[in-house]
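S.K.: Pulled from Swiss-Prot, these are the listed features:
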type: COMPBIAS; residues: 1-15; note: compositional bias 'Basic and acidic residues'
type: COMPBIAS; residues: 48-78; note: compositional bias 'Low complexity'
type: COMPBIAS; residues: 86-116; note: compositional bias 'Basic and acidic residues'
type: COMPBIAS; residues: 117-130; note: compositional bias 'Low complexity'
type: COMPBIAS; residues: 264-276; note: compositional bias 'Low complexity'
type: COMPBIAS; residues: 387-403; note: compositional bias 'Low complexity'
type: COMPBIAS; residues: 432-444; note: compositional bias 'Low complexity'
type: COMPBIAS; residues: 641-651; note: compositional bias 'Polar residues'
type: COMPBIAS; residues: 709-720; note: compositional bias 'Basic and acidic residues'
type: COMPBIAS; residues: 759-768; note: compositional bias 'Polar residues'
type: REGION; residues: 1-173; note: region 'Disordered'
type: REGION; residues: 189-212; note: region 'Disordered'
type: REGION; residues: 226-281; note: region 'Disordered'
type: REGION; residues: 330-349; note: region 'Disordered'
type: REGION; residues: 382-444; note: region 'Disordered'
type: REGION; residues: 631-661; note: region 'Disordered'
type: REGION; residues: 686-780; note: region 'Disordered'
type: REPEAT; residues: 5-24; note: repeat 'N-repeat 1'
type: REPEAT; residues: 86-105; note: repeat 'N-repeat 2'
type: REPEAT; residues: 175-194; note: repeat 'N-repeat 3'
type: REPEAT; residues: 213-235; note: repeat 'N-repeat 4'
type: REPEAT; residues: 260-309; note: repeat 'M-repeat 1'
type: REPEAT; residues: 320-369; note: repeat 'M-repeat 2'
type: REPEAT; residues: 378-417; note: repeat 'M-repeat 3'
type: REPEAT; residues: 431-480; note: repeat 'M-repeat 4'
type: REPEAT; residues: 490-535; note: repeat 'M-repeat 5'
type: REPEAT; residues: 541-599; note: repeat 'M-repeat 6'
type: REPEAT; residues: 623-669; note: repeat 'C-repeat 1'
type: REPEAT; residues: 693-726; note: repeat 'C-repeat 2'
Amino acid sequence: MARLSSRELALERRKALTTSGKKSSVAAGDGANRVRTASDVRPTRTDAAAAVEPTAPAVSAPVKPTVSFTPASPSSSSHVKPQRHPSRDLVLARRDALSRRGKTADTSRDRNRADVARQTQAAAPVAASAEEQKTCGCGGKRAAGKVQLSAPTTSLKPRSDRRSAAPKRRAIENPSRALVLARREAMAKHGKTAGKQPTSAAAVARQANPDLTSRELAQQVRELRTKAGARNKQSAGATRPTGPNRHGAKQAAAADAHWKVGESTTSTGQTVTGTQANRSVKTTGNEASTCRSITGTEYLGAEVFQTFCQQAPEPTTPAKVRVTATSHGNRVTGNEVGRSEKVTGDEPGTCKSVTGTEYISANQSAAYCGSSQVSQRKVGHSLTQQGRPVSGVMVGRSSSVTGDEAGAGRSLTGDQYLGSDPLPDGRPAAKVGQSGTLSGTGVTGTLVGRSSQVTGNEFGSCHRVTGDQYISAEQVNAFCGSKPEPEAAKVGFSITNRNQVVSGTRTGRSERVTGDEPGTCKAVTGTPYAGLENAGQHCGTSAVQAIRERTPVRLGTPSAAMTGIQPGVGGVMTGDEKGACEAVTGTPYVGADQLATACGNEAPAGTDSHGQAPEGAAWTRFSVMSPARAAQQQRDDQGAVTGTSYEQGNRITGPFDLAGGKVTGTEQFRFDNREFQRRQFQPTVAVVSEPAEQPASRVTGEGSSTKITGDDWDRGEHVTGTEGVSARRRNPTRPGPMSATVPHERKRNEENEWPVSRVTGSSGNTEKGSLITVSGGARG
């Protein structure tokens, strides 16, 4: 049966699958037409002998036991055989060889027709002998029922055959290129460890072509030696031999090498560095014209003239860069463009002063003119009034300029533009005038009044105008001879009932307005819009006093005298002196007695001791206080009222809420106490005085009567306000009569006898004790 190629087998298998389905895969996978082992694949790729089986493998693997499958019946046409994968076995064998020996085990080469034709004739007799040896005498009857499994084998050829079969590479002529290529190949194979390998000629040749023989390697080394010499003879890692110097003591000190960059000095004293072109003692033939003076650039240093000529050269060429001085002492370097003794025709204008940039130095002016003229500075220097230097364009006054005399001697506010230098003399003209109004207010600025040097503005000089006053008081005094009365103040000042100054538009009574007389001398509640000076001018002393008394006094710093523990000042505690004598707003915690004792004449306004000494005026009382006087003063200082007393000192506030004739709480709610009203408001005989005859009023119409509706100008029975029975009934916060409630049950404290108090101190100092034991606050 003829052997089929892989392509023909694939076509047959596909045809069988299309006709018989998957059942034909067993018959198609029969290995009778395709028998390939691992031993015949390697020669196929290398020797191109595809159809010839090898006679004997180079390395024989142990043969595994044969597994035979016996069919159930001899007549069965289907046989199950294990599938073989020779390609897979070849790949596994190749990978195993590469993992063991690296790339040297890879013997695959590119096949061509010449190699196949050359190896076909040699492989034919070998295949025939192999077939004869395989004949066992059974005629091949047992081959159908037995499957022989053999391990893949790999035939290894000698290294010499593989090297001889490879084409001989051409030697690299450029050693640098060979070194670079060898390094790159070594880095690609071995990584960074390849850089530590020696770089000798043999190593370079071996890395370039690993298949070189010893003879070829020696030829490559000789070729590199002929081109590069013996510099690569030693290895890179070798070191030079070291040891004691046998002739070290006999060796002389090494002479200093000549400086590459020398330093020399010119005839003018300047230092020049670079390559020295001077004359040397060790060189002959350059003695001519050494000490002669030449024109142009001097290449010889001053030390050459001092060594060989014993004198300094005379400079015949002028300096290329000269240094001159200006009239102000500044140094200027560059080309000198002044007058020269060797040039004629430049004498005119030598000693004349010019404006602009100064091109002539002060040295030439002193040489040809005898003295140098100082020109004007372009950048001036001055000092401020505080002594700080200022440079720049000077904007001050100059004696050569007229018209800048105005305001030269005045001190201005803001940035200082003039220095502290003395100003030149000139005509002082006032740029900013000073004047005064008729009311005495000073005004500064440009004067727009009448002047004696201007005609035509005499009309209306002495007339009075309304509005803003543009004419000063000096003009009126100079041209009119009399000073008119000033206009009314635009912003008035008034005094309130508490002696505070208020400025603004005045809304009080005026003598030039009629109809605002009613209510001038009446005390009003609320915010007063008319100042206290109106009452003083138009009303009597009693009316002013009534207005002052009518003004409510709010709680302030100097409160009433208090008993008990007071957080005041002047005690045994230190550190409370700061701010003790200053007026504060809010609840007063310091009594007037403590404030007067601690502060004295420094007490805030509103206290009795304001502006007075605490002990009074001198020689007004005894220096020694009697016991009776001390007891009276103690009774005055420590009254029977605890807390703040607003109106009277004989009322007790605090826990004594059920004492007879005692008022609890705020005393301003006394209108609900009927007993207090009957005792306080007893009918008295009023003294009726005949009213004086009032002058006839000039006001007619509405407001002609003395009664004014609206604001409470008159405290009458027909006017409602904030006090009286009607106010008490209208205010729901104040309790009314108790007729609609349950009768009040008297408590037991009113029936018991009051004990005599034996507690002194902060209990109120009353002669009767308290029956309350739980409420707290009765006893300190």
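Cβ coordinates are placed from backbone N, Cα and C, and glycine is handled just like the others.
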S.K.: Give residue numbers and ranges for long-range contacts of the compositional bias 'Low complexity' (432-444): same chain, 6 or more residues beyond its ends, CB-CB under 8 A.
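M.R.: Hits for the compositional bias 'Low complexity' (432-444): 407, 410, 469, 472-474, 476, 483-487, 489.
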S.K.: In the predicted model, what is the mean pLDDT computed over the repeat 'N-repeat 4' (213-235)?
M.R.: 77
S.K.: How many helix, strand and coil residues does the repeat 'M-repeat 4' (431-480) contain under DSSP?
M.R.: 7 helix, 8 strand, 35 coil
S.K.: When the repeat 'N-repeat 1' (5-24) is classified with DSSP, how many of its residues are helical, how many are strand and how many are coil?
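M.R.: Helix/strand/coil tally for the repeat 'N-repeat 1' (5-24): 19 helix, 0 strand, 1 coil.
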S.K.: Please work out the helix, strand and coil residue numbers for the repeat 'N-repeat 2' (86-105) from the DSSP assignment.
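M.R.: DSSP composition of the repeat 'N-repeat 2' (86-105): 20 helix, 0 strand, 0 coil.
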